[in-house]
Each structure stands twice: as C-alpha cells, then as structure tokens.
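As structure tokens, the structure follows; a few thoughts come after it.
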Amino acid sequence: MLMRKVPGFVPASPWGLRLPHKFLFLLFLSGLVTLCFGALFLLPNSSRLKRLFLAPRTQQPGLEVVAQVAGHPLTREQESPPNPAPAAPAPGEDDPSSQASPHRRKGWPRRTRPTGSREEATVARGSGVVVLRPQEESIRSSFDFNAFRSRLRHPVLGTRGDESMEPQSLVRTQREKIKEMMQFAWQSYKRYAMGKNELRPLTKDGYEGSMFGGLSGATIIDSLDTLHLMELKEEFQEAKAWVEESFHLNVSGEASLFEVNIRYIGGLLSAFYLTGEEVFRIKAIQLGEKLLPAFNTPTGIPKGVVNFKSGSNRSWGWAMAGSSSILAEFGSLHLEFLHLTELSGNQVFAEKVRNIRKVLRKIDKPFGLYPNFLSPVSGNWMQHHVSVGGLGDSFYEYLIKSWLMSAKTDTEAKDMYYEALEAIETHLLNVSPGGLTYIAEWRGGILDHKMGHLACFSGGMIALGAEDAKEEKRAHYRELAAQITKTCHESYARSDTKLGPEAFWFNSGREAVATQMSESYYILRPEVVESYMYLWRQTHNPIYREWGWEVVMVPLSSVL
C-alpha cells in the first residue's frame, strides 16, 4: 500500500507488463481477433479457413447438391464460371488445370488432379455394380432416378395390350423381324468395326472420320437406347461395357459441336434415363464440358467446330466463307444442355442455350422467318435463306420438344414455335397442281419449289404440336401434318427403288421426284419413317404402319 503512494512508482501487472505496455498488447490482440473472425465469416465461400472451421450447411430440400463437373464444385449460391472449362489435355500433355492461375474468380476453388490412372475403371460384372474412377466419384447429383421412373406415364419396356387393333400375331411378327434386323446390324458392326465410328459394309472394315475430334464408338453410343428398348440385353451389355472400358475423352482433334451433341451426348443421356446407369450420366457431363469452348464468341452464339486440344473454335468454311453459325446446329442444343444442368447441378450449360434464345428473340426476322446463317460475332443474319430441311430443320423440332419436355412450362419455346410455324405456312407452304402439299425453300423472297428428305420430319413435328395449338387451329394442323407426310410418302412411291431421294422437286410437270443426279440417292435418313411413327401414334390409322413396313421390305427384297 505504501509503495503505491510513492510518486512515480507504477506497479507491474501480473504478467510483468506496465500499464502502457499492457494497453498496446490489448490493442494488438483485439486487432488479431477481428482479423481472424473476418477471415472466417466475411471471405467468399471458397475460403479454406471457412471450410476448415465451420460445419457444413445442411442441404435444403429441393436444392441440388454440390455437383463437381470436371473438378469445379457448383452450388446455387455460387456464380457460374466466367469461362467454360478448358479442353481436356491431349495424351502426353500436362493437365493445365494442375497449374495455379494468377487470375481466379471468387467462389471457384482450385482444380485438383485426381489420384490414380486417368482411365482406370473397375467393373463388378457379377453384380452389375460399377466402381467409378476417382474423378468420376466427385460428379454428384441430386437427381432421383427412381422418382423419375415412377412418374413415367407408360412402362419403358414391353407393349400395351390396346396399342393396336390389328391381329397381334402380325404385329409381333413384324416387330420380331425389325429386332432381327437390328441384331444383324449389331453383330456385323461388332465383327468388323467394333469401337470405330462407322462400319463400311462393302469393304467390311471400320471408319473413324474427322467429324468427332478423335472420339470413337459413335455407332455404339447412338445404338444404346435402341438396343435397350428392343430388349436386346446381351447386345446392350456389350455396348455398355465398351463405354465403361474404352470410351476415352482425352482426345485432341476438331469436332462438330452439333454432331457430338446429338449423337454422343444425346445417346448417353437417353441411355441414362432408360437405365439409371451412372457411367452414362458422368460421360455425358464430361463430354459436355469439352464442348463449352464453342460458345466463346462475342454474342454467345457458338461456332460449329471446337478444338478439343486448344479450346479454340471456328465456323465451317462452307458457311458463308467461315463467317456464320448454322441455325440447325446452334438451335439443336437446348434439350441436351438443359439435361446436363439437371444432372450435374452446373448452371453453365443451361445459361449457354438460354442465351441463344435471348439472341434469337431480340433479332429482327424477315417476315417472321428464321434464316439459316447467323454471324456469331455481330449477331446478324448473313443470308436470307430459309429452309425447314437442311440447315434449319431441327431448330423448329427442338422448340416444340422443349415446350413438351418442360411439362408445358417453357412458354417462350411454345410462342417461338407457333410464331415460326405460322410464318412457314404463310410464306413457304405450297400445294402442287397434282394436289401434293410441300414446304418450299425461301431465298430472299424467291421460292425454290423443292423439299429435302430432311424436311420430311415436319409432318411428325406438326402432328406433335397440334394438341397445344389454339383450339381453332388443332384440326387444321393435324390435317396439314397428314398431307405433308403423304407427300413424303409419294417421294418414295415414285422412285425406282421405293426409297426416297435426298431432295425432290415440283416443277415442269414433275412432282415429288428428284430431277438431278446429285440428289438421287438415299443415305439411311429416318425423317419419313419418323413422321409415319408420329402419325401412327396420333391417329392409329393403319396406313402409317403399312407405309413403314414398305420401307422395311425394300432391303429385305434386295437380299431375297
């Protein structure tokens, strides 16, 4: 007590610090605590500190779980990546994703290389269980396959007893013959070209081509859904095993965005929705990532060719001297890309195709028509050539199917479809002197009175969309679909082989026939039979089954 009263004497603290020193220490300590808590709670979600010290959030019902697509985790809280993921490295190259990048978007953690072999896979064949590769185990999804299957209106396999008024013995006989033809085609492909993209039947060997950037097995993946629906179980398992063991994505060539999407991604998605096998979902997502660099353009309209090695893109040289993207190509991505987002949780796929819609809605359309060539740089039409056949066809098909696939909630697709159909009917639809209804091609206001085989899908498309048209237009569209399909049948009936030509004309007194040797060939196009199938489903008129069987009998009669 006495010592405290001595002037100039300041007792030490319990830690041996005098008051000024203690004040400075407390000030430093408070700053350190503030910094730590700021690091924990105020930095972005990708902060390592926050992941280390805070418990993970409970997933809310109805939200996608974290889906890691090609090494990028994505939740709904995070933004989409600023650019598509880089193309996979070519064999022998280092993975660029393993190198640190000085410029990294917040919320997107560094990609890490998975351990183990890049193409290692173990398949427990006895149980049918697939042990996923390390990089595939991280591609998670909240998609509930069993719930999806439970909501289907009809069984995937088998037949319904009321589907035909014809004697079931005849239907079964015809169905078994089709199945036998598929088995013959598969066995021949397996014998001479297994793993190749195509079988060349005359030389009996396989062919890869350059359309798919080094990807193989296009025939296998394009056949998965057919093999499953025909209940060719052994053949389907052979195809599935090839996908698991031999379908490699570390390729480095130039590929067609359109062809890879419809054949590979479409085939894999179909196989997944039919079977629930994870290998199909994962491969589709990984391949979708490799296509994203095609969208790196000023407008977001993708170019037609993507380089899997460099991630560069370009337009086809024949498309307005390499300056244009093709309506049927960039307009035929919507269905697959929305499903890639659904199955991966990665919103970038959906954003890419929704932007295409945005551009198309904004741009002026001559007389409501969609020309076939669009600049991906300026967003302007490059030539006023309109066709429901080649270069334009599947754009219209994807609109009506997007409306149906969305459980009839995608009103934008519905409006675009019916507006386009009205313009087509006003400016392209014609009736020949002989009474055949056809859709001509339009070149700046001048009509080419021809119809391509590719345009013959339109009969089925119009029938498919008739149900949701305005009530006063439904019967009209059903009749229009029937008339167009009849015209396409005539192109078959009037040919020497009874197979339809690549294109047929309506001029100089000749109708529904090819007038040039360059168009007098048939390359296994399915559009006419596709329309027969849709019209049969809509009307159950037996004539469509008869017409379909006529097409089957052509190759049978040639070998008998």
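All residue numbers here begin at 1 and follow the chain in the order shown.
Backbone N, Cα and C define each Cβ position, glycine as well.
What TrEMBL records for GLU259, GLU502 is active site, proton donor. The active site annotation in TrEMBL covers ASP393, GLU527. Under the heading compositional bias 'Basic residues', TrEMBL lists 102-113. Residues or ranges marked as disulfide bond in TrEMBL: CYS456-CYS488. Annotation comment: TrEMBL describes 74-126 as region 'Disordered'. Summarising the annotation, TrEMBL assigns transmembrane segment to 23-43.
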Rounded Cα-Cα span from GLU502 (active site, proton donor) to CYS488 (disulfide bond), Å: 11
Spatial neighbours of GLU527 (active site), counting only the recorded positions GLU259, CYS456, GLU502 and Cα distances within 10 Å: CYS456
Those recorded positions of GLU259, CYS456, GLU502 having Cα within 10 angstroms of ASP393 (active site): CYS456
Neighbourhood of GLU259 (active site, proton donor) by C-beta distance under 8 A, where only residues 6 or more apart in the same chain count: MET211, PHE212
Residues that sit under 8 angstroms from GLU502 (active site, proton donor) by C-beta distance, when 6+ apart in the chain: GLY452, HIS453, ALA514, GLU519, SER520, TYR521, TYR522, ILE523, ARG525
Proximal but sequence-remote residues of the same chain as CYS456 (disulfide bond) (Cβ under 8 Å, at least 6 apart): ILE484, THR485, CYS488, SER491, GLY500, GLU527, VAL528, GLU530, SER531
Least buried by Cβ count (within 10 Å) of the active-site residues ASP393, GLU527: GLU527
C-beta crowding around CYS488 (disulfide bond), within 10 angstroms: 29
